[in-house]
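Student: One structure is given below, represented as structure tokens, and several questions about it will come after.
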């Protein structure tokens with residue numbers, strides 16, 4: 001802003017009294033009479049001062065007493081420095097025309113409160129030098145010096161005080177007046193260096209070089225400050241007392257030049273502050289959008305992986321899936337939990353900063369609201385829970401399938417071993433050439449076989465039942481199982497058919513035979529069931545089992561003990577059966593019968609019975625060992641259950657207690673917010689230090705899962721409960737700390753005392769009936785009424801839109817504080833920013849790119865240029881920008 005424009009801006013702020021002007025006129029007359037040499041200095045200075053303003057109108061004067069005689073340039077000078085229009089001048093060249101024009105100028109001066117003494121139009125028209133210089137000095141006093149005001153001093157005293165303040169830090173400078181204090185030129189150089197240190201190197205100036213100092217100041221002021229050279233260095237140095245009015249006129253130009261620069265700097269600083277706040281808010285918005293997008297993208301990629309329920313065919317593959325899921329829980333998810341928490345904190349901090357800077361609330365892109373992210377996170381956790389349950393169910397299923405498949409294989413092997421050769425045996429026609437004894441023997445043998453066949457019926461049914469269960473559980477090799485089962489069933493049907501045919505044949509020839517060896521028959525009948533019993537016992541002793549608790553293994557041990565209790569009775573049966581064989585041998589020896597050594601009724605020999613009996617006795621201790629090993633494993637599992645339960649029963653209540661303590665701290669009004677913040681920080685550190693207990697519990701949980709422990713009767717807490725509680729605790733402490741930080745930010749920004757904040761907290765707590773840090777609308781209305789608000793329905797609805805813009809149905813303490821302090825906030829407004837831009841634009845309704853780059857730092861200048869729209873108006877130069885709409889847009893308002 002130029003000196004003239006500054007003068008015009010302040011021209012109406014102060015009026016000198018008539019006596020002040022009379023005193024100035026008397027001084028002027030007396031000074032001229034005392035030292036006529038000053039006339040030369042005044043003539044040069046006043047001429048340069050007038051030309052500094054007339055050049056703006058495209059003209060100038062050469063001789064001050066001649067060029068003002070017709071009054072035209074005098075009227076033009078007054079219009080330029082005052083910014084007002086004077087009456088239309090007379091265009092004639094006669095003397096009375098000139099007098100009329102001069103009188104119009106003098107009347108305008110008088111209209112500004114200046115009383116002209118001994119100065120008439122005729123003297124000016126006649127070219128009276130003293131009167132002309134006196135008139136110009138009066139104009140300078142009124143329009144250049146009168147409006148100077150520094151700490152309740154004005155005009156000459158104000159200008160002198162301003163010079164003293166600005167030059168006080170400089171060596172060899174002591175401004176006490178407007179004559180000899182300026183002779184060495186250091187005072188002028190100090191003024192320039194104080195405001196523009198880049199133009200003069202003050203350390204190189206010497207007091208003994210006054211002419212060099214003065215010329216340096218004159219040249220720099222003319223070149224860089226647009227202050228014309230009004231004095232000659234030689235005249236000042238060679239005059240014992242330089243002309244005071246000339247010095248005051250020249251120095252006043254420095255005041256207006258630098259005062260305008262300071263005002264522009266203040267305006268620029270205000271704009272920079274506003275733009276810096278806006279840039280920071282935009283950076284936070286972009287960071288929120290980036291973090292929200294990345295978190296939502298991670299959730300979008302993770303959910304399909306968790307929804308993939310394609311089961312593996314082997315236990316090893318499914319356990320690898322479980323290990324991958326554990327890695328996801330331990331490694332991949334925790335950083336995302338922290339990102340989610342940080343995202344909520346950034347969002348709350350951004351909203352608080354926007355409220356404090358009087359900006360509109362931040363609305364994230366569609367689908368990226370905090371509630372959207374919370375919903376997506378909730379969906380992720382639901383899918384995650386379902387995936388874990390599916391994994392455990394599949395592992396149990398595969399475990400059951402492996403057990404059934406091995407059992408099916410074992411029973412099939414036993415059955416196929418028993419049926420081997422049976423079809424060929426049944427198809428024989430040996431009875432056609434047999435003797436009566438042999439026929440009867442064959443008949444008895446066949447009856448024993450039928451008995452054996454009936455005993456094996458249960459095994460065939462068990463094989464079919466196991467095959468059916470494997471199919472129902474979707475066993476991966478069901479085709480092989482079905483083929484083998486079908487082969488056994490077909491063979492069994494064929495055995496039944498062959499057995500019936502052989503019986504029919506033997507019965508047809510049975511009447512041909514009369515003698516039968518009862519002892520062989522009795523042996524066969526007793527040996528066959530005993531042999532079947534031993535087969536069953538061996539099968540049971542080798543049977544595989546799966547248990548999940550000590551109770552189940554104890555049940556198996558009890559059953560085994562009961563089996564061992566039957567061994568003495570079985571041994572008696574064995575001895576009775578072997579006794580029959582002994583009786584046969586005795587009869588043979590007694591009667592000299594030569595035995596063939598083959599029992600015609602059975603393929604079982606006494607040696608077979610003895611061998612199987614020894615095998616049964618050998619399997620019993622092996623079975624004992626297997627059961628005891630399983631007892632040890634189940635006891636180890638029980639220890640793992642108790643170890644996990646002992647920790648979980650401590651950690652679970654600890655988390656709940658910390659949640660309640662944090663809730664109490666957040667509503668406690670005792671102490672300052674900083675004390676609450678310190679308490680919360682201490683809670684947060686304690687919680688972080690407690691993380692090792694959670695990790696240890698995770699390790700015990702992993703050991704339990706690796707041991708295939710899926711239930712625990714010693715605690716109601718599962719690892720999922722502990723994880724969810726831990727994540728809620730971390731989120732709650734972070735959110736509570738953020739709320740207190742926002743309260744401190746609100747308190748400091750809005751000037752709320754600790755006592756006021758405690759009163760607000762006490763009122764809020766009193767009406768927070770649920771003690772959850774939120775009031776419903778009815779409680780909020782009651783709170784406002786208790787504080788003296790007279791609320792109608794319309795006014796209350798308006799207030800609710802301020803404290804609950806998202807229609808959540810509750811009022812938080814932060815929203816309550818914002819409402820209670822909203823009216824007292826002292827923040828920048830669109831009008832203030834607009835006024836600052838107007839100063840930089842020299843009162844124009846537009847601003848140019850050059851003005852922005854000159855007045856603002858480069859970063860803020862380019863920021864404005866990139867966002868301001870083109871100004872539409874006939875009076876604007878090309879490239880002019882609209883700062884009014886830009887200021888409104890900063891605060892979310894329409895153009896003012």
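Glycine is no exception: its Cβ is also placed from the backbone N, Cα and C atoms.
Annotations in TrEMBL come from automatic prediction, not curation.
According to TrEMBL, the record shows the following:
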COILED    274-301  coiled coil
COILED    439-473  coiled coil
COILED    673-700  coiled coil
DOMAIN    40-144  domain 'Calponin-homology (CH)'
DOMAIN    153-259  domain 'Calponin-homology (CH)'
DOMAIN    755-790  domain 'EF-hand'
DOMAIN    791-826  domain 'EF-hand'
Student: Which value does the mean pLDDT take for the coiled coil (439-473) in this predicted structure?
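Tutor: Summarising the coiled coil (439-473) by its mean pLDDT gives 83.
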Student: So which residues does the coiled coil (673-700) touch in its own chain, when a touch means Cβ under 8 Å and the partner is 6 or more beyond its ends?
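Tutor: The answer is 330, 640, 643-644, 647-648, 650-651, 654, 658, 661-662, 665-666, 719, 722, 726, 729-730, 733-734, 736-737, 740-741, 743-744, 747, 754, 757.
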Student: DSSP says what for the domain 'Calponin-homology (CH)' (153-259): how many helix, strand, coil residues?
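Tutor: With helix first, then strand, then coil, the domain 'Calponin-homology (CH)' (153-259) has 66 helix, 2 strand, 39 coil.
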Student: For the domain 'EF-hand' (755-790), find every same-chain residue at least 6 residues outside the stretch whose CB is under 8 Å from a CB in it, and list them.
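Tutor: Distant Cβ neighbours of the domain 'EF-hand' (755-790) are 663, 666-667, 669, 673, 743, 747, 796, 799-800, 803-804, 809-813, 816-817, 820.
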